[in-house]
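Here the structure is laid out as structure tokens; the discussion comes afterwards.
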Amino acid sequence: MSAGAVISRHTGEIAQALQQATDGPVEVAWLQGQSCSGCTISLLQGQYPTLEETLSEFRMELTFHPTLMAEHGEAAIESMSKSPDILVLEGSVPTEIPSAATLGETPDGTSKPLVDWIDELAPEAEYVVGVGNCAAFGGWPAAENKNHLHDVGENVTGAKGLQFEQRYQPGVLGPNFTAGSGLPVINLGGCPPHPDYILLTIATVLNGHEPDLDRYQRPKPFYEPLVHDNCKWRGYFDRGEFADKPGEEGCLYQVGCAGPYTNCDDQTRLWNDGTSVCLNVGAPCIGCMEPGFWDRFQPLDKSVERQNIFGVDVETAGLAAVGAGVVGIGAHAGRKAMGYGKSEQGGNGGQSDAADAELTADVDEQPDAEAGDDKSV
Ligand code: SF4
Ligand code: SF4
């Protein structure tokens, strides 16, 4: 099977894929940085297989997991594989205040910063996976704190993801980092990511397939579909029928929905054993799968256009002109005006114009501080 075929299979096939993958022990070291453990909770909701089945039946050796392992103290550190087949990070890495996330001790008895563990273990691992937006892009610990609550500035701990800081490289590891397999960090964005994303990605790489990654190093089969294209409210959007508040019938665009700018397949995959997804219960998409979440879509209860980040009141202009469909087109034009060019990739893999603009964002360098990060979506 191609990587795409393996990775896009749903639930029932995950077990088979993992079983094929593991004809011997597979050592996994799962570290947690500045994290709420929500990604682990998401993993625990996996149904096919359950985490327990993954660990026992498929013989994956979770040599270290701060939340799930039985050992503690030095014994726990001892049991951690120092050259794991898969190194997983959940949570961001504090670089300005390294003591904000530590694990164990250095030989001189001081607390050992997480950033040092990453530097040591990542080059020794076959695969490195950033689980969740914090580990992939910095997540909420890297948020700007625009209002300077508690009299502190933005991203006070210097939180970074493994190979990205928000939408830009580098993260903790350099832009040219590759693990033993030759792959860069595989990012599973989401706050949290879907449990299938975690287990299917592991199954895919252990089957010897290289996942096809997008420019943010996310597996395309999961992160290429546009939420907006598969949303149950799409007909309402096209007719210009908007809800005034969450939970009402209608498209949730005016109450902050980031679906037109967010890529993932959870509208069709659904969560909690295929039960539902945020939009199906009247909660706007908040763009948690995207790098830069959550600053990019703040304030979360206002439409993206109302956040005035394009300098264009597309919502009003578009609707008054020829209907709500113009909104997306206008937004695209607005973003282009802010400096994004045409995608060099030609075809956009089924993504909409809105997503196409996103694909053109530069991830190679930090934005020019003088010009400022335009916060375009
Ligand atoms: S990505 Fe979200 S769920 Fe995962 S650790 Fe960070 S805040 Fe928690
Ligand atoms: S704007 Fe949001 S609620 Fe409306 S159709 Fe798009 S994804 Fe669905």
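Each residue, glycine too, has its Cβ placed from N, Cα and C.
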- Listed in TrEMBL for the [4Fe-4S] cluster 1 site shared with CYS36, CYS39, CYS191, one of CYS134, CYS231: CYS134
- Hits among CYS36, CYS39, CYS191, CYS251, i.e. binding-site residues with CB under 6 Å from ligand 2, come out as CYS251
- Message: Can you tell me which of the binding-site residues CYS39, CYS191, CYS231, CYS251, CYS257 is spatially closest to CYS288 ([3Fe-4S] cluster binding site)? Compare CA atoms only.
- Response: CYS191
- Among the binding-site residues CYS36, CYS39, CYS134, CYS191, CYS285, name every one whose Cβ is found under 6 angstroms from ligand 1, counting any of its atoms. CYS36, CYS39, CYS134, CYS191
- Task: Can you figure out which of CYS231, CYS251, CYS257, CYS285 (the binding-site residues) comes closest in space to CYS36 ([4Fe-4S] cluster 1 binding site), comparing Cα atoms?
- Result: CYS285
- Item | Residues close to [4Fe-4S] cluster 2 site centre defined by HIS228, CYS231, CYS251, CYS257, Cβ within 8 Å | VAL227, TRP233, ARG234, PHE237, LEU252, TYR253, GLY259, PRO260, LEU279, PRO284, CYS285
- Message: Rank the binding-site residues CYS39, CYS134, CYS251, CYS257, CYS288 by how many other Cβ atoms lie within 10 Å of each Cβ and give me the one with the fewest.
- Response: CYS288
- Apart from the site residues CYS36, CYS39, CYS134, CYS191, the 8 Å Cβ neighbourhood of the [4Fe-4S] cluster 1 centroid comprises SER35, SER37, GLY38, GLU90, GLY91, GLY132, ASN133, ALA135, GLY139, TRP140, PRO192
